Amino acid sequence: MSGDHLHNDSQIEADFRLNDSHKHKDKHKDREHRHKEHKKDKDKDREKSKHSNSEHKDSEKKHKEKEKTKHKDGSSDKHKDKHKDRDKEKRKEEKIRAAGDAKIKKEKENGFSSPPRIKDEPEDDGYFAPPKEDIKPLKRPRDEDDADYKPKKIKTEDIKKEKKRKLEEEEDGKLKKPKNKDKDKKVAEPDNKKKKAKKEEEQKWKWWEEERYPEGIKWKFLEHKGPVFAPPYEPLPEGVKFYYDGKVMKLSPKAEEVATFFAKMLDHEYTTKEIFRKNFFKDWRKEMTNDEKNTITNLSKCDFTQMSQYFKAQSEARKQMSKEEKLKIKEENEKLLKEYGFCVMDNHRERIANFKIEPPGLFRGRGNHPKMGMLKRRIMPEDIIINCSKDAKVPSPPPGHKWKEVRHDNKVTWLVSWTENIQGSIKYIMLNPSSRIKGEKDWQKYETARRLKKCVDKIRNQYREDWKSKEMKVRQRAVALYFIDKLALRAGNEKEEGETADTVGCCSLRVEHINLHPELDGQEYVVEFDFPGKDSIRYYNKVPVEKRVFKNLQLFMENKQPEDDLFDRLNTGILNKHLQDLMEGLTAKVFRTYNASITLQQQLKELTAPDENVPAKILSYNRANRAVAILCNHQRAPPKTFEKSMMNLQSKIDAKKDQLADARKDLKSAKADAKVMKDAKTKKVVESKKKAVQRLEEQLMKLEVQATDREENKQIALGTSKLNYLDPRITVAWCKKWGVPIEKIYNKTQREKFAWAIDMTDEDYEF
């Protein structure tokens, strides 16, 4: 029985393949014949179609009965399938003729939908497929046998095509997905940036819009992680030797560490200064063992060359690091910043300015400091005082150590403090300049200076009257106050001899620091100042003064030696007390702030031209800023690369001039062509050349403005006055009034520092 079934199945399959080959050969001929006979047989085909539909309904009934019978019997009749396969071709031809060109619409009206049509593909046997526009889709109506008979081949082809279609769609989907992802990324990136910017904007603490704390209270809650200590000393490699008197000498770890501090500075001018060398050697010997002290008795016999070369090589290696190595270091620093660089103050995350404690090294000081070269010792946890709120988590000290003290003082702004060993001064870890505490302090400073504006005329009248006082102390105070007001001099603090550099302020002026000229350069009553100011920067100025001031100075200098104090009956304490009596909160610094800010405002009004472009306006701003820096004696040494950078800038200017000359020639030539041709095309060319010339002129102007700006400010430090003495609201108002982007005046850090001023100021602000 099973053998018969196998025989029947193989016979059916063979017949099927034979019929299938006949079908492909006759396919195109049948189509052509149908196309020709289409019009003649139209009515006949419709009748056949109707007849076919009625037959289809009958076949469906028969099919249902057969299906019921099959389910009851539990098997299918394979012999009947064999006869049906033999008659396949005949039925196929009848079905195609019956279908004809019957419309889909009509088929649906007859109560059934057409089965899926078989895709016709051109064969490789030399036949040409008829034009698509001439062929109407064929619908295969079902006859009485078609309901229960479907050739295996057709079914297999349909399934394969369906699978192929799905696979193609999936592949297309996979190919398209990256594009969609890229598009999504491109769309998402700006959205993410906007969201991030919006989130940052929301996170910014607009403390200036909140109610201020009671007087003296700085915060209500403060929590932080404490300081980051300098890494421990790493001994030098065995190959790096120290020589004393031409012989190799192995140093103890402590002595070696201090020796490396000197070796790192070997090429610096500091190591040639006698005071530096003397202080270093004295402190270095304190770190030596007894044997080392007995051996090393002369610094000149010490050879630090190999140490110095080793550190230079280390420095060069850091410069030559790969991107991956630099990125790794950057990530480590960012991780450290994230953990230690922020604190929580009154439920807001605030940036800490200097969370790393300075490593040990050699003290340099400002100017010719008498303690330069001394050893700055390593700061340990036992030196540290922590300040935080009582309900905050106290930062943990490094393992095996403890803090010197933990305080909960909300009347101070520092987080960590310690005492350094050189000057005995207290050092602090404070918040970033963009923090609320620093911002409030700045705001108060400028508001105090604005209050001075209301009473400055009264104060000036007062000190003018005091020039005539019978008391020498009052006269000296009045002249000193005149200098502080007119010249923006610092008050000058009293200093212990030998403890700090010999810098001078108003109250500490000596007779040797001034020269009096009844007439100089066509001006009367000129005072010539020449003294070391803050950071040992020389203050040199020739100033015409009022006659009574000049006469008083002559009086103050009578019978005095050059090293004697000019104001021998005055000190900073007496002066500051007098200033407080004149106005609450008034100090010499308030006078400097007032004069600096008012000078900037006046200079901007004088120098800014409404019709200037943005680069020219920026030059005007820098010139106004320069006037303030000169007033406050904010000088600097010209940068080492100044000459080279100016040469590079001049080369750019020369190249731009050549480009402009060529562009002007092109414009002239285009205008000549336009006169001859007189057509729209040449007119467009002329306009294009004009725009090119204008663009190059603007670029040249920018470069020339930049060169002028650099030259004028090569020895002037604009940043000091901009950050510390100029009310930022003056700058913000000027930018808003004249359409100058604030980014052109303040960098990102400065914008964060002055966020309060940028937010609250409009263009009508007056200091």
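Keep in mind that glycine also has a Cβ here, set from the backbone N, Cα and C atoms.
Among Ser10, Ser435, Ser469, the residue that Swiss-Prot annotates as phosphoserine is Ser10. Here the candidates are Ser114, Ser252, and Swiss-Prot annotates Ser114 as phosphoserine. Per Swiss-Prot, the range carrying the annotation region 'Interaction with DNA' out of 286-291, 406-411, 490-495 is 490-495.
With respect to Cβ neighbours within 10 Å, the recorded sites Lys644, Lys714 differ, and Lys644 shows the lowest count.
Look at Lys714 (SUMO2 cross-link): DSSP puts it in coil. When the Cα of Lys551 (SUMO2 cross-link) is compared against those of the recorded positions Lys206, Lys644, Lys714, Tyr725, the shortest separation belongs to Tyr725. The Cβ of Lys206 (SUMO2 cross-link) has 12 neighbouring Cβ atoms from other residues within 10 Å, across all protein chains displayed. When Cβ neighbours within 10 Å are tallied across all protein chains shown, the highest count among the recorded sites Lys551, Lys702 belongs to Lys702. Between the CA atoms of Lys644 (SUMO2 cross-link) and Tyr725 (active site, O-(3'-phospho-DNA)-tyrosine intermediate) there is a gap of 32 Å, rounded to the nearest whole number.
Lys702 (SUMO2 cross-link) and Lys714 (SUMO2 cross-link) have their C-alpha atoms 18 Å apart, to the nearest angstrom. Residues near Tyr725 (active site, O-(3'-phospho-DNA)-tyrosine intermediate) in space but far in sequence (CB under 8 A, at least 6 apart, same chain), listed by position: Arg592, Thr593, Ala596, Ser597, Val628, Cys632. Note: the Cα of Lys206 (SUMO2 cross-link) and the Cα of Lys714 (SUMO2 cross-link) are spaced 37 Å from each other.
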